[in-house]
Amino acid sequence: MSQEKYIMAIDQGTTSSRAIIFNKKGEKVSSSQKEFTQIFPQAGWVEHNANEIWNSVQSVIAGAFIESGVKPNQIEAIGITNQRETTVVWDKKTGLPIYNAIVWQSRQTAPLAEQLKSQGYVEKFHEKTGLIIDAYFSATKVRWILDHVEGAQERAEKGELLFGTIDTWLVWKLTDGAAHVTDYSNAARTMLYNIKELKWDDEILEILNIPKAILPEVRSNSEIYGKTAPFHFYGGEVPISGMAGDQQAALFGQLAFEPGMVKNTYGTGSFIIMNTGEEMQLSENNLLTTIGYGINGKVYYALEGSIFIAGSAIQWLRDGLRMVENSPESEKYARDSHNNDEVYVVPAFTGLGAPYWNQNARGSVFGLTRGTSKEDFIKATLQSIAYQVRDIIDTMQVDTQTTIQVLKVDGGAAMNNFLMQFQADILGIDIARAKNLETTALGAAFLAGLSVGYWKDLDELKLLNETGELFEPSMNESRKEQLYKGWKKAVKATQVFAEVDD
């Protein structure tokens, strides 16, 4: 009797690494998770030890095997999904990083980004990469490492160093240095990749003086990149055959295969991505243009809007204000509020993301009266998440001149039924919550399984992650628009308050 086969997804996130084993039905068989150290050398800087990340991945692979009893030779293929933009530069010979990984959140390269803007490169970079010039993306992080580690530039030019985002680093380690590759979705977040011509952009590399020799080869999101070295996978030689940045993996895991389909992951922040099909569309309203995924010889583009504070607003109610003991409790309090929704919380704790991009804005509250209760405040905080999502959905509809019919949702805060119902009401469209909320890891597993024939095609995948629950709008049009108008007023006032005094 032949043994059952499985797919393993490695989900390397910002605070922890996870390994999840999925079966043919797309169900989770086992998972293992390990946190690692956040390094803050200075205010606003965030770094990780890339070796510690690698150790944590080795540990969770073992944990997933131990928990399930599945053997390494029962894994048909491995899919990798990762925190995007985070940058590692390492020695080709020893495999040791020459500096800590600089994390996507880190602002240590902001002066470099400002310098590029002042030199007039904004439009050029936007047209080529689809991105706005920002310290968020990998380009300035690579430049910073080459500038600040003695002899690094010279060694990079000699071909002694390699660069990669976390996907590249993990494949290189798992294959024991046999494969130095990345995928379309991760390459598109480096600010070095021309997403129209699908190649590293020579002009941008020249502007930043980054040697081409250090860059990985860019491949599709679903193909065999290499096999695990047996001593790194507990004796198994298993193909690594699917890869995508976390938000793009969630798009794929949500089965958003058709142009116009949109998903939102309600995590710490909120990431809304729309599949725009094979045509690249540049946003005129401060959304990012990126690559969703590339499979079967075709590349599918996407528009992305990022909200900095979503689930973390609920954490703030819990840890900062001590208004709730745990996150799910926020739903009960919100339902107990009986005010007329006239309180607005604008959670701009780290500035406002898309479509405002105002880094000076700070959190504010409007509409308080003597009668305002804790319940009202908690409800207004949950509603602020939904209002921010509407800001982006409205912008996407303007950019693409389409009408979005349904929003597919996942992530921790998507479990909050009050928030999901209010989201449906304020958007006036259906909200489809995935049955399996592990959409990021599932997306990586789907990409890996497709390329080795574990799943036949996209049609087979469509049967595996149905909608768990549908939330339909129940608010009348005039009420909906009146509430949203109040939100826009609150955001405007927040921005006025943030203006720098002369």
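Each Cβ is built from the backbone N, Cα and C atoms, and glycine gets one as well.
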Candidate from G120, G159, G164, G412 that Swiss-Prot assigns to the same ATP site as T14, T15, S16, T268, G311, Q315: G412
Given that Swiss-Prot annotates R84, E85, D246, Q247 as binding glycerol, state which candidate in Y136, Y193, Y300, Y301 belongs to that site as well. Y136
Are there any residues at least 6 positions away along the chain from N416 (ADP binding site) with a Cβ closer than 8 Å to its Cβ? List them or say none. I314, S327, P328, S330, E331, L382
Rounded inter-Cα distance in Å - E85 (sn-glycerol 3-phosphate binding site), G311 (ADP binding site): 21
Listed recorded positions among T14, R84, H232, Q315 whose Cα sits within 10 Å of Q247 (glycerol binding site): R84
Distance between H232 (phosphohistidine) and Y136 (sn-glycerol 3-phosphate binding site) at the Cα atoms, whole Å? 31
Among T15, S16, Q247, Q315, which are binding-site residues, the residue with the most C-beta atoms within 10 angstroms of its C-beta: Q247
